[in-house]
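Engineer: Please find one structure pasted underneath; my questions will follow.
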């Protein structure tokens, strides 16, 4: 089981770190890439066709990255909008408002943590140990 | 493998039908419920604690339903915002902007179809037959 | 007569202080709690069922806290949206746009002062001395 | 115990009816008036100074009515924004964003029902019978 | 010929200074007051009934001040929205969206300069010397 | 004393009629023109340089008409935004957010009535009879 | 010289017709295709790599089509946002807010006519006859 | 082949520099001017009538500059909205929402780089060498 974490630009690394620190905490394997849907579509397509279980795509502005990945895979794709302009409303709408047929799971603006947790929830459907960790994590949050 | 489809109000049934017609097409089992996070929180809590693999929660306005379900489960929860007021912007923000720690996978406004497809993508991670159906579905879309 | 002031996160304490400094000024008793509707729904439910006269719930982002409290009580609930993202528009819509049946009294973004004053106005309906204090307070504002 | 229901214009009567039908159902006394904060400020001021327990003010567009009433009373004022233009966002912001010092309890756009229920919750603080009715009402909603 | 410049709060004085520096430059007489439509409606009413030729009202948030002045006079009232929250969108909508019957001349967010220039344009309709100054001012802008 | 009422397109005539019916009611002279700032800038410039006392410019979408007229005159220009797209938010911002130096008096979306009343308030500064009519009009509104 | 007009969905044909009727009027050759960036990315890529002089891409919702085409060509790409949800604000932001490096020329919501005219202006840079037609067209608009 | 880069105000020079640094990199000739559509319309008209191949107009707030230039030329006009207020939403809508008949090619908020690249794409239609440079530029972005 492996996750791909991909940002549209190097400047989005602070959000990628929110994602990877949670994946690390849960012991989930991942690869980390930078690939822009607009500047390097070929690389995005190649990454999307690799055999990851879940994709987490992080992007700001018109934020096509999550949708472009989703167009090339039937694996779950999670999109994280970044607040580069307009408080991130542009990225949120660009990711959430995908047309019927190609879904992306959108999380909140700059909310890399929830992207990671959602990926783990998906992986935990076939991994009892991971599910137990999630339940412990929730328990600690209540603390 | 089973999905729970739940709407916050009976008046949201037209969106629930978009969800269930896709689940039917893919032969995925589901239960369909109406339960408001504000008017009947106990029922929502009970549903959230049942052993479904994926939850699809459909709600308009302040749209707390997906988040309240997510608060009671570590299974993936998909939220569908409905355009009741302000074109659905209120529901989209209410669902997408969950605080770090409790994720919901948001899809587009009124986009029940993508909620169903996202659920199927998640279930297909451990069901080769379902994955094949998804690939065929994508192929037909290209038609 | 007693008020519960509850924030969804410790980081909201600067707004809670706006509330409590006004309650202190008017000599109104209150308890102060931190409880997230998403991370600790059980605690929120327990607090909501306690015998407070008025609840003041402070939250940002999708801000479900005021509505979740309102779902468990028929006492007046006042909601304060916080400007965490999008200038607080997300929290304002999440609190104000509750569905018919379960009301919350929304005040302005980050406006803890008005939440306290509204609570005091409600309590003053059966406390002449408090009403007199409110009138004096208004008089001083004119100064 | 008596409520004043006031609309800024005759054309807002469909929202006033949502309010009064709930007040009627709960047996709460009220007066119903039409008075514009901009076209007839003197009448608004006179109404605001009358001895009502709760005011419910309904207005669209720049929606000054609830705030102007609140400026003349220390009784609780509930504001209902109407969707005349921009889906009601203008009225929602005009009512919710009052400056610190003069509170209004804002409910959702066109949500006259919640305005009435909030008024009843406030009145029920000193009326056991009314509180019981509210609890029954909630119970029926769960039905 | 005299202008009243009034702000809803002392904290709006930086915008008032933009107004008065232009009025000074053109040699137009004015009075400067602080009066909140919500905290001191009586003072606002008294000011509005004085014999000024033009009123310039500056306010943020729900920004009722310009409309409340307009309700008490048939002299031209110019409203300046301030960016206190939401970038000033709340104040802009609160001032611009007045109901039919009571007009306010809205200028841009924080744009005290244009409020002053608009007042001068109005006064210049009966003052040739002032009109000449405006034309010179425009000429210099082209420089 | 004469007003120019100008729309950016023939399709805006329903708003122009709101303006002219009020001007007719008050016996104020006006000319009515159609001239687009983008399609016929020369005509707009010529109209702006004519000797009208007040200009009322009506436009939707990016709504440059009022600002372009203001660029060519130091007479008061009133702008009326029309709800062609996005509920008129585009036109409202395009008219209200003029840069410092060239003012336009913005009224509410589609609010031709207030544009006319504002023009009359401006003209009434040097016409006692017109001021009396405005006061009577206000009186009747209170009726 | 040839233009490609491409819509993201068959349901966008009413906007495509606005484009093609102008291209027809000016005698500009074009091909018309339907290809979704999300449902059929391979087809979009193939179209983008063909030897057209200008691309006009029409899409609603998250509207990735124009940007995806631009990612595969250095020819000018014109994007037309469609008002499917939220009045078209989602599509406008998705098209306009492309990241630095890959430009798209955005026109107004549903404004197929301007997309065609912009394409013709671009082509007219090397076609005197076409430029003359544009000047005549402008002349007639002034009519 | 020559481009005109024009800003509405001296304070917009940081965006103009983004444009000119790209034009310099590609060896494209340009002139740089400051001219406000509202403060100096005559200068804008004169510039618009000069024989440039492409115009790049940069403006904030109500941002009429690109549209006013487009009104005086049938050459391609590229508009760059600046984030002066409301995160640049006002300028984006003012530029993008031009009425049918007079097109402007809008790029993203503060995105001077894409304005320059779009201009170069247009010029490259008749300049093989420039097209080759664009392809190299894209190639390097992939690096």
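One is the number of the first residue shown, and numbering goes on along the chain from there.
The backbone N, Cα and C atoms fix where each Cβ goes, and this holds for glycine too.
The following feature annotations were taken from TrEMBL:
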- B:9, B:12, B:39: substrate binding site (BINDING)
- B:1-142: domain 'PurE' (DOMAIN)
Engineer: Counting by DSSP, what is the helix, strand and coil composition of the domain 'PurE' (B:1-142)?
Structural biologist: 71 helix, 27 strand, 44 coil
Engineer: Looking only at B:9, B:12, B:39, which the record lists for substrate, tell me the maximum pairwise CA distance in angstrom.
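Structural biologist: Largest Cα to Cα distance for the substrate-binding set is 15 Å.
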Engineer: Is any of the binding-site residues B:9, B:12, B:39 near chain C, in the sense of a CB under 8 A from one of its CBs, and if so which?
Structural biologist: B:9, B:39
Engineer: Around residue B:9 (substrate binding site), which residues of its chain at least 6 apart sit with Cβ under 8 Å of its Cβ?
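Structural biologist: Spatial neighbours, sequence-distant, of residue B:9 (substrate binding site): B:34, B:36, B:59, B:60.
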